[in-house]
C-alpha cells in the first residue's frame, strides 16, 4: 500500500515491541499476552471491536497504566513506564480523542507548558512566540501562537497537540480515533501529516474504526479480539476489506449485514414532487412497509436535507407527502413524531444524545409527553421499566440505566437513541449515517435491530455514505446527486460501479467512465 521508509538501522534500533503484555483489573483481564512489533517508517493500525483492548494498550504505552505482565521495548531498550512523564521523556506521544490542552491558555503556552522560557523569573514572551512559531512551521502555519486554544477548531487543536509532541522529541506517536470529529478537509490534512511522520521515520500507531482510513494511510494492521492478539497483516496491498472484517469479528461479512429477504408491503410513505432547502429538483419515491430503503450519495448530494424535510425540521416549498394513504403536512418535528416518522440524526453527539443525562433519561425523553397523564409515581415506574426493557432488548452495554450516556461507546449511544424511538409508535424510521464512528461488532448489532424493525412492518430509510453498508442491508437503493434523485437500483443490480456512476456529478462520472 505504502512504501516503507525505513533502514536496517531503524528496524534494528527503533522498533516498538510489545512482548506478552497483559493487564488485569479486578475481575477483568483487559489484555492477555499481546505481542507484536511496529517499525519506524510505518503507520501501524490497531483494530478490533470495542473492548478488544486497543485503548488499554495505548494507556500502557502512554504510561497511564502499568502492565500486569510482559514488557515494552523501544529499540533495544526495555521500558518500565510508571507515569505519563516517563513515557513522554522516552519519546512517546499518545494523541487521545479527548485532547489534553488547556482551552484558557494560548497555543504557545500549551506547547511549552511545564518548561516555558523565562528571564529573571518572568516568562519571556518574545522567545515563547518564536519557539512556538518554529514548532508550528509546516504543520499549522495559519495558527497564531497568541490565540487561546479554546477559540480553535477541533482539527486545529489536534495539530497543536501533534506539534507539542514533536517539540518534545517524540519518535513514537499513537493516534486514538483521531478523525472522529473532523471535517473531510481536516481529515485530508491529518492524513498528509501522518504520511509525513512516516516519511520522517517515526513509529506511528493508528487506532480507528474507519476501514477506509486504515486502507488509505496504514502500512500494517494488527487485530485484537477480547484482549488477545489475533493477527498482524504486514502487506495491506494483499488485504481486502472482507478479510479484515472477518478477522476482527470471526464472521463472514455477509453474516454481519444479516440481510433477510422479506416480501414488500403496501406503501408506507409516498413522496411526490418534494422540494425544499438543499434540493435542486423535485423528488418523488415510495417507501414500503417492511422495507429497508437505502439512500446513497456523496457529500452535498442532499440526503440529510431530504431527511430534514421528511422529519419536519425544514418546511417543503413544493410537493406533498402521504403516510399510509393519507396526506401529511409537516410544520415541525413534533408533527412528524406525532405521525410516527422518527429521525435518528447524523451527529448523535450534537443532535441525538443529551450527554449529561442518564441512559434512561435519553431513552425516555421523547415518550414523556405521551405518559404525562400518569402522574409522577406511575410515570416513574413506567420510565424505569421502559429503560430497562430497551437496554435489554437492544443489548446496550452500560453498568446501569442511571449511567451518564456520555460515558458509553458510540455504538451503545446509538442503540440508546434507537431505544428512544422504539418507546413510541413508529411507522417510518429515518436513520442518517447510523453506524458512523462505530466499531464493526456494534455495527452488526445495529444491522440486526434494523432488520427486526423491518420484519415488524416498519418502513426504514437509511442514509449511508458507506457503499458496502448500503448494498449490504438495503432492499432498494435510491441515489442522490447535487440535490436531485438520479436513479433507483434494486438490491440484485447494485454494485460499486453503477452506484458511483449515479452518485457522481455528470462531468466527473463521464471521466470515470472513460
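The backbone N, Cα and C atoms fix where each Cβ goes, and this holds for glycine too.
Straight from Swiss-Prot, the features:
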type	residues	note
DOMAIN	16-251	domain 'ABC transporter 1'
BINDING	48, 49, 50, 51, 52, 53, 54, 55	ATP binding site
DOMAIN	251-507	domain 'ABC transporter 2'
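Annotated features taken from Swiss-Prot, shown on the structure.
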residue : record           : contacts (Cβ under 8 Å, 6+ apart)
48      : ATP binding site : 54, 223, 224, 225, 230, 248, 439
49      : ATP binding site : 225, 248, 249, 439, 440, 441, 442
50      : ATP binding site : 397, 409, 411, 439, 441, 442
51      : ATP binding site : 226, 227
52      : ATP binding site : 224, 225, 226, 227
53      : ATP binding site : 23, 30, 31, 34, 224, 226, 227, 228
55      : ATP binding site : 176, 207
Mapped onto three states, the DSSP assignment of residue 48 (ATP binding site) reads coil
Note down the number of other Cβ atoms within 10 Å of the Cβ of residue 54 (ATP binding site), including every protein chain shown. 27
Env. residues of ATP site, Cβ within 8 Å of mean position of 48, 49, 50, 51, 52, 53, 54, 55 Cβ: 56, 224, 227, 439
Check residue 55 (ATP binding site) against DSSP and tell me helix, strand or coil, would you? helix
Mean predicted confidence [pLDDT] for the domain 'ABC transporter 1' (16-251): 88
